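Quick look at what TrEMBL lists:
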- 72-89: transmembrane segment (TRANSMEM)
- 101-123: transmembrane segment (TRANSMEM)
- 129-149: transmembrane segment (TRANSMEM)
- 161-182: transmembrane segment (TRANSMEM)
- 202-222: transmembrane segment (TRANSMEM)
- 251-276: transmembrane segment (TRANSMEM)
- 288-306: transmembrane segment (TRANSMEM)
- 318-336: transmembrane segment (TRANSMEM)
Amino acid sequence: MKNKKSKTGFLVLAVLLCLGIVWVCTITGAASVSISDANRILLNKLFHLNVSLEEISKGNITIIWNIRFPRIILGFITGAALAVSGAGYQGIFKNPMADPFVLGISSGAALGAAVGIVCHFTFRIGVFNSTMLLAFAGSFATLFLVYSISRVGRRVPVATLLLSGVAINSTLSALMSFIMMMNKQSMDQIMFWTMGTLNGKGWNQIAAVLPWVLIGLVIMLLSCRELDVMLTGEETATQLGVNIELVKRKVLFASSLLTASVISVTGIIGFVGLVVPHVVRLLTGPKHRRLLPVSMVFGGAFMVICDTAARSLTTSEIPVGIITSICGGPFFLYLLRKSKKGGGVV
C-alpha cells in the first residue's frame, strides 16, 4: 500500500513539474513579455477569469496566446505521443533499441510530404493541408505494406516485422533522396521538413492532431495489462489467456497512429521515442501501467524544453529535431555504456 502511494505521489510530482516547465517556457522567448503580463494573459484566456488586459499591448497578447502557448501545447502533445509510441514498440519487439520509426513510418511520411512539396499540391480537408495529409497517408501505407509482407498466415513474427521495416525504410529513404535530387529547387523545403519544427504551428494544428493522439493514447493505456503479461514471454502470455496477435495489432496501430499524426504536422523528430522510455523505465520499472503514463508526461516536458531552446538560443530558429538529437544522442550513448558496465540492457 505504501509502495502504491509513493508511485502515485511520483506521478503527481511529475505532472506538477511538467506544468511548471510549461509555465516557464511560456514566459521565455526572444520577445520580451513581462511575467506579470504573461500570467494575466493566461489567467484571462485559459481560465476565463475576470483579469483586465487593457494595459497589455495586443502584440504581447498575440505572442503569448497565439504563438507561444499553442506551440508549447503542440510540443507537449508531440513529445507525449512519440514517447508512448516508443514505449509501445519496445514492448512489442521486446527490444529497448526500438523507436517509433523502426517500421519505416518516418520514411513513409517523409516520402508523402516530399511528393506534396514537389508537386505543389494546395488542397485542404478541414484543418489538414496537402503536406500533412500526404505525410499521414504515407505513414499508414508504409505500416500496411510492412505488416502485409511480414504476415505468415494469421501470425506476424516480430523478427520478420522488424526486418521488413528496416528494408522498407531503406527503400523509401532512397526514393525520397531520388526525388530531392531530381527537384533541387524543392530540396531545402524538404530537408527543413525532415528536420522537424514547431515553427508557425498553432491552434489549427492542435485541432488536427489531438483527436488522433487521444485515440492512440486510450488504446495504449487500455493495453497496459496485456503488455505487462507479454513481458513474461509470448508462450506464457498465451497460456494466461492473452491473444498475442490481437495485442500486436492494437499496439502497432495505436503506436503508428500516435507517430503518424504528430510527424505529419511537425516533421520528423528523433530520439524522443527512444530515450524517454529508457529514462522512465529506470525510474518506474518495466510495468507498462506506470511506464506509459510517466513516459507521456516526461516526453511532453522534454519536447517543450527542447523547442524552447530551439526558438531562444539564436535569432534564426533551429529545427527542434536537431535539438532533440543533440540532447538525446549523447545521453543514449551514456545509457548504453552504463548498461554495458552492468552486464545487461537498459
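Just so it is clear, glycine is given a Cβ too, placed from its N, Cα and C backbone atoms.
Per-stretch counts of Cβ pairs under 8 Å to the transmembrane segment (161-182) identify 101-123 as the leading one among 101-123, 129-149, 202-222, 251-276, 288-306.
When Cβ-Cβ distances under 8 Å to the transmembrane segment (202-222) are tallied for each of 72-89, 129-149, 251-276, 318-336, the top count falls to 251-276. Sequence-remote contacts of a segment are chain residues at least 6 beyond its ends whose Cβ falls under 8 Å from one of its Cβ atoms, and for the transmembrane segment (318-336) they are 75, 192, 194-199, 266-272, 274-275, 278-279, 302-303, 306-307, 309-311, 346. A Cβ distance under 8 Å defines the sequence-distant neighbours of the transmembrane segment (129-149), meaning residues of its chain 6+ beyond its ends; these are 103-113, 115-117, 121-123, 156, 161, 164-165, 168, 172, 193, 208, 252-253, 256, 259-261, 263-265. Residues of the same chain lying 6 or more positions beyond the ends of the transmembrane segment (72-89) and with a Cβ under 8 Å from any Cβ of it are 18, 22, 25-26, 98-100, 102-103, 198, 201-202, 205-206, 209-210, 213, 216-217, 220, 223, 227, 251, 254-256, 258-259, 261-262, 265-266, 269, 272-274, 276-277, 280, 288, 291-292, 295-304, 306-308, 320. When Cβ-Cβ distances below 8 Å are used as the criterion, the transmembrane segment (251-276) is approached by residues 74, 77-79, 81-89, 91-92, 97-101, 103, 105-106, 109-110, 113, 131-133, 135-136, 139-140, 143, 147, 192-198, 201, 205, 208-209, 212-213, 215-217, 219-220, 223, 227, 295, 298-299, 302-303, 319-321, 324-325, 327-329, 331-332, 335 of the same chain, each at least six residues removed from its ends.
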